[in-house]
Each structure stands twice: as C-alpha cells, then as structure tokens.
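Student: After the structure tokens below, expect a handful of questions from me.
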C-alpha cells in the first residue's frame, strides 16, 4: 500500500453502525465554543499541500465534517473526538454526494463529496432527491488537536482512493436559514476527506449510476441529527430530510438482508477488528489487510450484480412491492418525523 493509502471506508462505517456503543453518554448536542476569528484567519493564507503536512507547525487542525461526523453520537461517542471549537460553514466548490459504495440490502451507500468541476464526467440518468441541492456543501469545521485529527483519519478509513484535501470554506452567519450561493465573506481553509469519482481507478467501486443507491435510514438519521444539533441553515436541513432512504419492502429483499448480515457483515467487522490490532501509529493498515478489505467489498458487489439482484430484488434503492421505484413515482413522502408530527 502506498504511503497515502488508507483502508476501505465501508468497514469503518459498518463498525460505527453495527457495533455496540462504548460507555460514552452523549445526550446533548456537541456544545463547543465557536472557533475564534484569529484561528480562522491563521488558515486564510493558502495552505501548501496536505502532503507537506504543515500541521506540524500548528497546535490544532481545522477539519471539515459533512456526513455522520456531524452527529455527536458518531463524532464524540464512536470516535471519541473532543473538538475544541466548531463553526458552521459553506463550501461552494464541492457538493455532498452519496456515491461511496457500502453493502447492498443493508447500507447501500455512504456520504462523500465531489468537486463541482469533477462531476461533469459523472453519469446521471435521472433526477434524484439527493442531487437537488446545487448551492455547494454545508457542514461544520471542527478545531481538533493533531492527535484527534490522526484518530479521525484512522477511523474514517476511506479506501485507497480516499484523499485528504484542502478546501476553501466560508463561515455561515449565525442563525441563517438560507444559503447564499455566492458568499462574500473572507474564506479560510480546512482539511477534509473525499473520494474523487474516477471510473478508471481500480481501487474504487464505481456503479453504473453513482447516484442510484440510497443511504439507509439509520445512516441518514446520523446526518440529519447532526445538522439539527449544529443548527445548520433550515434550507439545507430541509434538503437533507427530503433525501429518500433505502427500505426493504419485499420478503426476498429481507432474506437477502439476513444473508448479508449473517455472512458478510461479520467478516467486515472482523477485518476492521484486525485493523485495530495491526494498524500503524498513523492508522494505516498493512497491505494484506487493506487488500482483504477491498477484496471483500468488490466480491459483494460482483455477487450482487450477477446473482443477488436477480434472485432477491433491488438492494440499492427502495422498490414498492409491485416493483415500482418509489422515488421514480410522484410521491411526496418524507421520513421527517418532526414535520409529520406537526400535521
């Protein structure tokens, strides 16, 4: 494995979702001070490159979270991170995507982000709820210690093509309900993790339509919970609640889900458990273990495409019992429990 390679992202996310929580009670939102203006200004000067590791000069790191790390349950509970400060941000240059492959019938996909300029080559065949936001990524920049940042890198995994990137962020005004697509404030720079879309990358599983799969309700709830905890703009939160989640609707799909949970998920969790033992001080895995993780993920998707999908039905997105694609129909069904309770 090359020095900048990291293990597959899916095993870590399965570990987060399917292993018992540690005895850390996180009943309150992540209440931390807002990052100081002076700290943000210190990152306004263009950072050279993640590869040069200029963090050695700084005592803290600014890390942009956009997926399940928005949630206190994941960030503080599962990963054990103790953010020093945080600030809500807008990143116009990138978009939230759900094109990181997980495991069919259980966790079909995970959150990722892509540079807008890179998405011109991404095949899109339909209009999906999760692609209807066009104002750029909205997230939270945490200020963390260098030790905690290494923990984030190690626990995120990310696959051999998962890259550490420096992105330009704009602070969102407190209490803002909408997002200005063209922010005018002074930007600062932060580190984030993304897996670029590259259909020629042998280490990245690329689906025929990267936007086809739906995230599980369990995973999507972590993101929406985190967005609520941090009081992200209502406009963006509404978009997140409008994303359809994957739901098993037939007996055949349920059987496939049981098969996956019985035979595949334990293997993935076992591999990740080995990762905790064999990972080096930077969280990187030995070649044999990283290759094993990639192999099991690729095997599952090959088996799904060649056997499981025909035998058990769609394992990537919700299908009505009569075989119709729910999102393809003109249904305005939402799983936003808070809004439903107001009816």
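If you go along the chain as it appears here, the first residue is 1 and each next one adds 1.
Using N, Cα and C of the backbone, Cβ positions are placed for all residues, glycine too.
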Student: Among 128, 212, 219, 236, which is the one TrEMBL gives for the substrate site where 63, 64, 65, 66, 67, 68 also bind?
Tutor: 219
Student: In TrEMBL, which of 175-194, 255-274, 275-294, 295-314 is tagged transmembrane segment?
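Tutor: The range carrying the transmembrane segment annotation in TrEMBL is 255-274.
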Student: Let me know the DSSP-derived helix, strand or coil state of residue 67 (substrate binding site), please.
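Tutor: Looking at the DSSP assignment, residue 67 (substrate binding site) belongs to neither helix nor strand, so coil.
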Student: Please give me the CB contact count at 10 A for residue 63 (substrate binding site), counting all chains in the structure.
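Tutor: There are 23 such Cβ atoms around residue 63 (substrate binding site).
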Student: How many Å separate the Cα atoms of residue 63 (substrate binding site) and residue 156 (active site, proton acceptor)?
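Tutor: Answer for this pair: 13 Å between alpha carbons.
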Student: Cα of residue 156 (active site, proton acceptor) to Cα of residue 64 (substrate binding site): how many Å, rounded?
Tutor: 13
Student: If you count Cβ atoms within 10 Å of the Cβ of residue 64 (substrate binding site), leaving out that atom itself, what do you get?
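Tutor: Its Cβ has 24 other Cβ atoms within 10 Å.
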